[in-house]
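Annotation comment: TrEMBL describes A:131-224 as domain 'Acyl-CoA oxidase/dehydrogenase middle'. The feature domain 'Acyl-CoA dehydrogenase/oxidase C-terminal' is assigned by TrEMBL to A:236-372.
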Amino acid sequence: MPAHPTAQAAVAELTARLGDPDDADNPLGHAAILAADEDAEILTAGERLLDDTGLNAEYVPAALGGRFERLDRLIDVARTVFRRDPTLGAGHGIGSFLAAVNIWSAGTPAQQKAVADLLLANGKLAVTYNELAHGNDLLACETHARRSGDTLLLNGRKEPITNAARAAAYVVFARTDPAPGQRSHSQLLVRPADVPPTTLRTLPRTATVGMRGLPLAGVEFTDCPLGDDAVVGAPGQGLQTALTSFQVTRIALPAVLAGALDTGLRLAVRHLAGRRLYGASALRIPAVRRLLAGAYADLLLSETVTAVAARGAHLTPGESSVHAAGAKYLVTGTLLGAFDDLATAMGAHGYLRAGDTAFFQKLLRDIRAAQVLHASRAACLLTLMPQLPLLATRSWNRDRAAHAGLFRPAETLPPLAWDRLKVTAKGHDHLTPALRDAADGPAGDEVTREAREWTGRLRTLADSCAALAPAELTPLAGTTAYDLAAHYASVRAAAATLGTWQHGRGTTLPDERWWPLALLARLPSSPRHRVTPLPDHLAEPAVEDLIARCTDDRPLGLARGWAPPGGQP
Amino acid sequence: MTETTAEATDDRSAAGVGDWLTRQIADFAEVPADSVAADRPLTEYGIDSVSGLAICARIEDHYDLDIDPTLLWDAPTVEALTDLLRDELAARG
């Protein structure tokens, strides 16, 4: 018997305590959240609730007193917060998680204990990679720590940083060796309470278009003195720690952001159902139905891709760099596209700051601004690009077998092995062989036919990538490799979809063939293609399912089927 | 691709490993093997993160080893790489 509630119980409790979103008197409802957003403040009542329910424990490994054992559970619980208010989700806990993974993966036992205790006491941790001048170009980082006797003196300026002004500790990415190369940076654990106040200064808050309530600011270190015990792991390990930490956070973040689309879909369906245009409900307008169906397929796609990636971090940790970069690139783009479609369906009401649909424009802005939380989509492509030729020669052009466990959300998972997360996949890919498995399905079946199309696309991708010269894979070399990397993210999403269709049965997944077909239809079919609207024969069953689930207040997502060992989905 | 890279060698002595590695670097850098100095950083021969991955894969395939993709981060010269590989091979027996 687990000492803590199951994911389902935790989600149910949190949902109940968040209360009715439409109740104007609910301090955690949409009206209160909108008021906080107008004031550019984080929802204080929401933070209090999350503190009361001990949400931070979801981000702390079980071995250190928390409840984090499985990435899928963490996603399920955190997504519940993002479904209500993405700004609250970002500002309360997930920001701390983005920082803490560095400590879980590389910190000393003392650092791990200190950070676990800090989080379990409802403290916040801030991760500071960003410098305005260098974005995701980590090696260009100017913040540095130089040795002076027994002390490291930290100097530099990091911004924009979530929770910069109220974090109990920072994980600072800094240069610790002037030599070139990948062993010249370290992460440093800095507690403002432990350093002279004049050496650590938080800068004025940064305003944003969306996630307006998120307390973003800069932090500046001036000869900030640190002991050697501040270095996370071994000196010079910083880049490796960062890259492996991203493999967990680049899965978790897009997965929880999908919660915003769940709410956006419900708002759109409710609004359009109550709206009469041209003598009928707006929900009967074919063009509106197609937009809603596409956005719904996008939600299912986002949840399927991130569910598979989350299992991948546990089951094929050596490949987590491509699981994470592929999922983050694809899902963040999918969510943006889905919100565009919903906004088109909503028309002017998608942008009104008052009235019944006001919450939609907040979600629309929040999802766009989510970029401030984490690595850019281009950075994800840059993770995939150098790996493409080796993936082609070592996996795509060979008869590899898929890891079927990736596609079985109801099955148990081994613990996350931080030391088995590697900075690259070394050409190994146990996901895309699922395409070939699905292509071997019954002839004449539409899913089989689609699987054969995607198998062909993987073959074409392999030919293009095997022919790439190293010089074509650098950030400045041109757009070809970017396009191929983006297409690889689509091919992976197709494999996740088809694998889940084949192996994910017996869970809460719907057993209807429109869903794999609709998800595949939302994926760009070649490197330079864009997302297209769903054809009517897929859009109609999708939109009917969406409307029925919204009407009955049932979950919209796919990735809810996992059960704890011995439990029920 | 030069002829030397395809040449099979089972010489796992320090000199054998060093020679083989030098030929790989020369192959990627498209320079003669005798112009690759064992103590110079591989980056001087144009080895970047992309060719570094390919070199790691070649090492794995040639010696049937499972190496960490950060190998070249820790061993940025032929000399250092030879030492690390010798240790790996010795550890495997």
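Note that Cβ sites are derived from N, Cα and C of the backbone, with glycine treated the same way.
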Reported mean pLDDT - the domain 'Acyl-CoA oxidase/dehydrogenase middle' (A:131-224): 94
Residues of the domain 'Acyl-CoA oxidase/dehydrogenase middle' (A:131-224) by DSSP state, where helix covers H, G and I: 9 helix, 42 strand, 43 coil
DSSP helix/strand/coil residue counts for the domain 'Acyl-CoA dehydrogenase/oxidase C-terminal' (A:236-372): 118 helix, 4 strand, 15 coil
